[in-house]
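Participant: The following block contains the structure, expressed as structure tokens.
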Amino acid sequence: MALHDENVVWHSHPVTVAAREQLHGHRGVVLWFTGLSGSGKSTVAGALEEALHQRGVSTYLLDGDNVRHGLCRDLGFSDADRQENIRRVGEVASLMADAGLIVLTAFISPHRAERQLVKERVGHDRFIEIYVNTPLAICEQRDPKGLYKKARAGELRNFTGIDAIYEAPDSPQVHLNGEQLVTNLVSQLLDLLRRRDIIRS
């Protein structure tokens, strides 16, 4: 916290989270997709957002690459920068969930501690950790951006899964098999959202 924090006061507003959720017709939550590069995080999150949008659900997808074009464009890939990247995304996701949106985030977010901090910021009742579990060998075969090839050749350092660690979730709320069809995974997630009374249809 900064030194001037004693002069910064939280202001409550008359429009509550519950009122916003009532307007949207569903709860505001954060769906946090985590997994290796190439695991299918962004693909599944994008397909789920499309399915929710077709059902009239208010959503927003925060993608790991996209936020580095603006919100996090000043950050690199050191451990400190990765931590700050996730902290910023967590803050934005929390604000969007407060606005009543279903926020989908697709980030490697390799460290458990960082994901836990986001969970605490968002609130345990509004944070759903979704682990897209895809074997490293499959991720390397997919390699949509050619990053694994560069990492194996020594052209890309500190790459998660090769020379930087990925800490898989101990007990994610959702554990997806990243080798399954995307349509099957989306169906599983829609069922979960219905069971938890996050969406109605």
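Each Cβ is built from the backbone N, Cα and C atoms, and glycine gets one as well.
The ATP binding site annotation in Swiss-Prot covers G35, L36, S37, G38, S39, G40, K41, S42. The active site, phosphoserine intermediate annotation in Swiss-Prot covers S109, and the record cites sequence analysis as its basis.
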Participant: I'd like to know which of the binding-site residues S37, K41 has the most other Cβ atoms within 10 Å of its Cβ.
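Facilitator: Comparing the binding-site residues S37, K41, the most crowded Cβ belongs to K41.
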Participant: Please report the Cα separation of S42 (ATP binding site) and the residue listed as 'active site, phosphoserine intermediate' in Å, rounded to an integer.
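Facilitator: Between the Cα atoms of S42 (ATP binding site) and the residue listed as 'active site, phosphoserine intermediate', the distance comes to 13 Å.
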Participant: Can you count the other CB atoms that lie within 10 A of the CB of L36 (ATP binding site)?
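Facilitator: Taking all protein chains shown, L36 (ATP binding site) has 25 Cβ neighbours within 10 Å.
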Participant: If you take the centroid of the Cβ atoms of G35, L36, S37, G38, S39, G40, K41, S42, the listed ATP site, which other residues of that chain have their Cβ within 8 Å of it?
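Facilitator: Counting only non-site residues, the set is T43, A106, I108, V132, T134, C139, G178.
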Participant: Which entry in the list of binding-site residues, S39, S42, has its Cβ near the fewest other Cβ atoms, using 10 Å as the limit?
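Facilitator: The binding-site residues S39, S42 were compared, and S42 has the fewest Cβ atoms within 10 Å.
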Participant: Within 10 Å of the residue listed as 'active site, phosphoserine intermediate', Cα to Cα, which of the binding-site residues G38, S39, G40, K41 are there?
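Facilitator: Within 10 Å of the residue listed as 'active site, phosphoserine intermediate': none of them.
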